[in-house]
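What follows is a set of notes on a single structure, which appears directly below.
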Amino acid sequence: MTVIRKKHPLIKIINHSFIDLPTPSNISSWWNFGSLLGLCLIVQILTGLFLAMHYTSDTTTAFSSVAHICRDVNYGWLIRYMHANGASMFFICLFLHVGRGVYYGSYNMIETWNMGIILLFAVMATAFMGYVLPWGQMSFWGATVITNLLSAIPYIGTTLVEWIWGGFSVDKATLTRFFAFHFILPFIITALVLVHLLFLHETGSNNPTGLNSDADKIPFHPYYTMKDFLGALILLMALMILTLFFPDILGDPDNYTPANPLNTPPHIKPEWYFLFAYAILRSIPNKLGGVLALILSILILALMPLLHTSKQRTLTFRPITQTMYWILVADLLILTWIGGQPVEYPFIIIGQTASIAYFTIIVILMPMAGTIENNILDLD
């Protein structure tokens, strides 16, 4: 077996990636989320595949085909809700994974980090298009509002929006192409994940101290395979509790009403995992400014390596920047709450304040804190 594992051209790649991979001996449970994201992706592809067997991407039958899946297909309700709530679990793991990367300075592995940002955009695009497919009220109006933002692009905006719609409004052509893209993107994401892992294995994993761990590494199997297996069990248990006991808690009641272009819902809002970005978008009165702020809210992650001023890699031994980090986390929670509120006083001003705070903490306060800590510790 050892000979096959180390000599076979295909198996030796798996061996170097998941079995004999030298891994720091001190990585904590925060390093579990990479494998959990892989599990989420597998769950989403499998459940999505079975849903696609029964779904029809036509405006007249899309809504009823989802109802048919839940009512008439064997365990269709389970597959549908596992897919919907699986997306929420996916984003919880994603946010924790990115948060870990920011806290422990993993952004210094620039290729891996940039690949991760591309993956984040790809997953967000996939989730957005997936939300349109049931063709409920929030599906239709969410698609209309978000795609319409592209009309803010000077000169080509309106043409671009109509090109994406495949007509003069969100209609059959839009739904069909969104289904096609929603189906193909997870496979593209899988390929990007392999590139992400390729870059990661070039440098090796970071660790909570941020120090070079070459002198103290252990094989990935059995230590971290068992650790990841435990994480996977906890994730699947959480997903099943969510799916079986609270299937609709993260959804919108409006999406149980079939799409009606003549009736606008009182509050158009995306799924919970986009609310922080939606709040930043809404906090700017200008349409183009809002779109730019929306894109920058994610793209700012790419500036992290440039904004790193500290001589230490992680925040483990940096209390001032730690404080800034947790204020940033609280700020993101406030933005998520605001994104789901109506556009009226006092939510408008809270959203604007939280949006300014978000960019200020990342661009100004955290780099300043790093410099102050260098001076306190006399690290020239």
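Glycine is no exception: its Cβ is also placed from the backbone N, Cα and C atoms.
According to Swiss-Prot, the transmembrane segment annotation covers 33-53, 77-98, 113-133, 178-198, 226-246, 288-308, 320-340, 347-367. The annotation heme b b562 binding site is assigned in Swiss-Prot to H83, H182. If you look up Swiss-Prot, you'll see H97, H196 marked as heme b b566 binding site. Positions annotated as ubiquinone binding site by Swiss-Prot: H201.
This view paints the features noted in Swiss-Prot onto the structure.
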| residue | record | contacts (Cβ under 8 Å, 6+ apart) |
| --- | --- | --- |
| H83 | heme b b562 binding site | Q44, T47, G48, L51 |
| H97 | heme b b566 binding site | F33, G34, L37, G116 |
| H182 | heme b b562 binding site | G48, T126, M129, G130, L133 |
| H196 | heme b b566 binding site | T112, M115, G116, L119 |
| H201 | ubiquinone binding site | H16, S17, L21 |
Contacting positions for the transmembrane segment (288-308) when only residues 6+ beyond its ends and CB under 8 Å are counted | 98, 102, 105, 107-108, 110, 113-114, 117, 120-121, 124, 149-150, 152-154, 276-278, 280-282, 355, 358-359, 362-363, 366-367, 370
Long-range Cβ contacts under 8 Å made by the transmembrane segment (33-53), restricted to residues 6 or more beyond its ends, are 69, 79-80, 82-83, 86-87, 89-90, 93-94, 96-97, 100, 182-183, 186-187, 189-190, 193, 228, 231-232, 235-236, 239
Any residues 6+ beyond the ends of the transmembrane segment (320-340) with a Cβ under 8 Å from its own?
-> 99, 102-103, 267, 269-270, 272, 274-280, 282, 310, 347, 350-351, 354-355, 357-358, 361-362, 365-366, 369-370, 372-373
Residues of the parent chain within Cβ reach of the transmembrane segment (113-133), under 8 Å, 6 or more residues beyond its termini = 55, 57, 62, 66, 87, 90-91, 94, 97-98, 101, 106-107, 139-140, 142-143, 146, 174-175, 178-179, 181-182, 185-186, 188-189, 192-193, 195-196, 199, 270-271, 273-274, 298-299, 301-302, 304-305
